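Pulled from TrEMBL, these are the features on record:
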type	residues	note
DOMAIN	2-34	domain 'F-box'
DOMAIN	91-202	domain 'F-box/LRR-repeat protein 15/At3g58940/PEG3-like LRR'
């Protein structure tokens, strides 16, 4: 290492991101310490400060490490932090950050959610973000986000949301290409209008009686869990579609023509017959469909393109009133 030019040493250190490794390297030599400001990413694991006995608060330690970096592009923090600490970090590195991942851990902290500035509000400083991932989010009020014009990927895992808050958050991300909402609860009616969205995975936790309206003409991959009413009218580019409801009943599905469909999977405890017949009709239209799955009553059929063109669907007499229940669907090819 001593024989290497400074530029090469700085380049090597630019691939380092673990905060503990960075702290250790600072103590090795002055040359190493002088090279660390060129790192691009900082990662603070969950247990970063479990054995901390120093005078400085963990928020202050993170602030000092961020302040020592010339141009931080990625920040991942799984260790506990406060909204004040996050605000101070964003003032330092918000303009250069491209990727931000935070373990919020405020699901049970309603007071912290309404305090100002809230953790969500602090994020608004990082206007050049390209990806944002949040864990354990309490979003009862609309976040005070102006806009993230460069944000292409938004992932929220484990969240309590209100309808207006989610709508406002998505409105602040007009150019999203990837959206993931996993293990979310609290919303009733989800409205998504994102013209550039290509991949969308929605997993709602609760009674399974949510409604979804999606308007995204470029959508290619869509996976929905927990919705009873689903409306997706612009489907010209949709190649992969998965619908499931493990808690409630699927009453209505409304899709445009699935001309590009390659894969369809529909699962659930109960589907109304109108919803079933609609999906079967749509699935039989695209000649290029390569794999279709219909699992009910422990029956799962995978159909090839050739089988799909010849298949006939017969509904058993056990379907009461022409819908729902535990009736079987058999597929003959």
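Just so it is clear, glycine is given a Cβ too, placed from its N, Cα and C backbone atoms.
Per-residue pLDDT, averaged across the domain 'F-box/LRR-repeat protein 15/At3g58940/PEG3-like LRR' (91-202), gives 90. Only residues 6 or more beyond the boundaries of the domain 'F-box' (2-34), in the same chain, are considered here, and those with a CB under 8 A from a CB of the stretch are 40-45, 48, 62, 65, 74, 76. Each residue in the domain 'F-box/LRR-repeat protein 15/At3g58940/PEG3-like LRR' (91-202) gets a DSSP state, and the totals come to 22 helix, 40 strand, 50 coil.
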